[in-house]
Amino acid sequence: MGRKQKSKQGVPPTLEEVRGAGKKPEMKAEKKRKPAEETAALQPRKKQISQEKKSLFEESESEPENDDVEAASDEFEQADEFSEVEDDDDAAEAQDEFVQDGEDKEESEEDSVFDSDEESRAKPMFSDDSGDEDDLEVANLEAMSRKIDEEAEKEEMEAEEELHTNIHPTAPAILPPTVDGGMVDGQPISAFTQDLSQIQLRIQEINRVLNDFKNLCEPGRSRAEYVDQLLNDISVYYGYSKFLAEKLFELFPVSEAIEFFEANELPRPVTIRTNTLKTQRRELAQALINRGVNLEPIGKWSKVGLQVFESQVPIGATPEYLAGHYMLQAASSFLPVMALAPQPSERILDMSSAPGGKVTYVAALQKNTGVIFANDANKARTKALSANIHRLGVRNAIVCNYDGRKFPNDVLGGFDRVLLDAPCSGTGVIYKDQSVKTNKSERDFDTLSHLQRQLLLSAIDSVNADSKTGGYIVYSTCSITVDEDEAVIQYALKKRPNVKLVSTGLEFGREGFVRYREKRFHPSLKLTRRYYPHVHNIDGFFVAKLKKMSDKIPQTTDGADEAEEEHEDAEEESVNASSENDNLTFNDEADKAIIEENRRKWLKSKGYKVSKKN
């Protein structure tokens, strides 16, 4: 063994001694570590205390680092057999190094010390016990999970705040203040309504309120005020006249009406119809795909329609189009022909056939048999009609130019089937013609509905009720207003009791109105079909199919009563007009002279020689 060191280390205290007399180890440390205390006297009081603690646990836990020390086999005899340091210089140097190391690693050493007497003290950061490592790992995972949950909750709260920030604070007042002298809060009404972003938000808010009016309405405000404000906003935002916006708005619930107005701003899908007189749909689709056209079948309801999504070539100028293999045609135009269901060898009249999409479809279904009279009242449109008939290879069609109201008396009758796609306001295809939004008035709808009623009566009279395969009339419009659809059919049912409504045979579409506001229609009108752009993604359309039961028009009491009512209404109107003009007086001599002068001018314009006035 080496030389004994001058200040011999004492035996480390036992666990009982530490518990019994907690201050004795500190006194021992003071006696045996005097050189260390003298060196640390120059250091702050805090460092001195930490050195004392380290020296205490250094004696009890650390092993001597000198090469001359031998390790004892027994744990309690280890302190007696410690080797001595070679000389005093080495001991002092070791003590200085201990003090230096204590100053540099003060915090880390304090953290690594564990006192078994203090149960509340934290466990060491690293331990040889695997159980401690597992506990530490579990604690870390729990902390990480808790942190992730807190971050997710914070993000959710921030998103909710952002939502409220983006909508509610910037949302305009749902209803404006009371208008006084054309001013709203000192500003013109136009300044209140022209901010489109604010109008859009107000439309959404009013829609929300009207859907739950009882709970969300402002105190003292009626539903009519909300509806009136909504109509004003729709007129400004979508560009409709107030009259047309209200007429279309009344057809739907509030939410659906806004969807309809929104759908009218978007175009419908591009569709083509396969001409089965020259090709089949599969062959046509393959040929167009090879040319870079992205397409697919329209749906199960059509066996000849294809919807085009994208094309690298002009879809209206391909070799297949020029060869007549297909026709650019809206999907809604398939529906009247499908409802008509023409049979081979029949005589069919298309009263308004230009530009030829429907009449060529009829010819394809007939396989170029029978006879089709393709009529159109507009002579200029018959040029495009003739061109499409020739391009698609139709050989059983006769193009004619007559006013449809002259059938059958002045032209021809006795047809097996008649197709009437009547002239209309075009409220189902507003995306094609935006001018409809502003240029339609109540007078236009009255004029159109009157024309449609006359055409439908002529179509009914042109059909042969004794036809073995036919006797059907299909009435259709590209309008969704009741005045042009159900009201016209109701009028025809009253004027022609020898016809009745039958099923159209179409697989989809909404039923026609039986009740609309104050109007009540025949229950069979539920057999008609309505189509909307926001529901079916096709043009707005109406289709009705009638069956003529007899060529004779029976005289019914209902018809007599109706005629009597019309006569009474006419008399009442004449009475009202005469009462309004009771106070007016006329000069018969002056009127006679004016009438004679106008008659002479009219005869002269016709080329007659008129003698000079005497």
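Including glycine, each Cβ sits where the backbone N, Cα and C put it.
What TrEMBL says about this protein:
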REGION    1-135  region 'Disordered'
COMPBIAS  16-29  compositional bias 'Basic and acidic residues'
COMPBIAS  58-118  compositional bias 'Acidic residues'
DOMAIN    260-549  domain 'SAM-dependent MTase RsmB/NOP-type'
BINDING   Ser352, Ser353, Ala354, Pro355, Gly356, Gly357, Lys358, Asp376, Asp403, Asp421  S-adenosyl-L-methionine binding site
ACT_SITE  Cys478  active site, nucleophile
REGION    553-590  region 'Disordered'
COMPBIAS  559-574  compositional bias 'Acidic residues'
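A map of TrEMBL features onto the structure.
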residue	record	Cβ neighbours (10 Å)
Ser352	S-adenosyl-L-methionine binding site	20
Ala354	S-adenosyl-L-methionine binding site	25
Gly356	S-adenosyl-L-methionine binding site	28
Lys358	S-adenosyl-L-methionine binding site	26
Asp403	S-adenosyl-L-methionine binding site	14
Cys478	active site, nucleophile	23
Rounded Cα separation (Å) that holds between Lys358 (S-adenosyl-L-methionine binding site) and the residue listed as 'active site, nucleophile': 13
Rounded to the nearest Å - Cα separation of Ala354 (S-adenosyl-L-methionine binding site) and Cys478 (active site, nucleophile): 14
Pairwise Cα distance for Ser352 (S-adenosyl-L-methionine binding site)/the residue listed as 'active site, nucleophile' [Å, integer]: 13
Pairwise Cα distance for Asp403 (S-adenosyl-L-methionine binding site)/the residue listed as 'active site, nucleophile' [Å, integer]: 20
Distance from the residue listed as 'active site, nucleophile' back to Gly356 (S-adenosyl-L-methionine binding site), taken between C-alpha atoms, in Å: 16
Among Ser352, Ser353, Ala354, Pro355, Gly356, Gly357, Lys358, Asp376, Asp403, Asp421, the record's S-adenosyl-L-methionine binders - longest CA distance, Å: 20
Rounded mean pLDDT for the residues that make up the domain 'SAM-dependent MTase RsmB/NOP-type' (260-549): 95
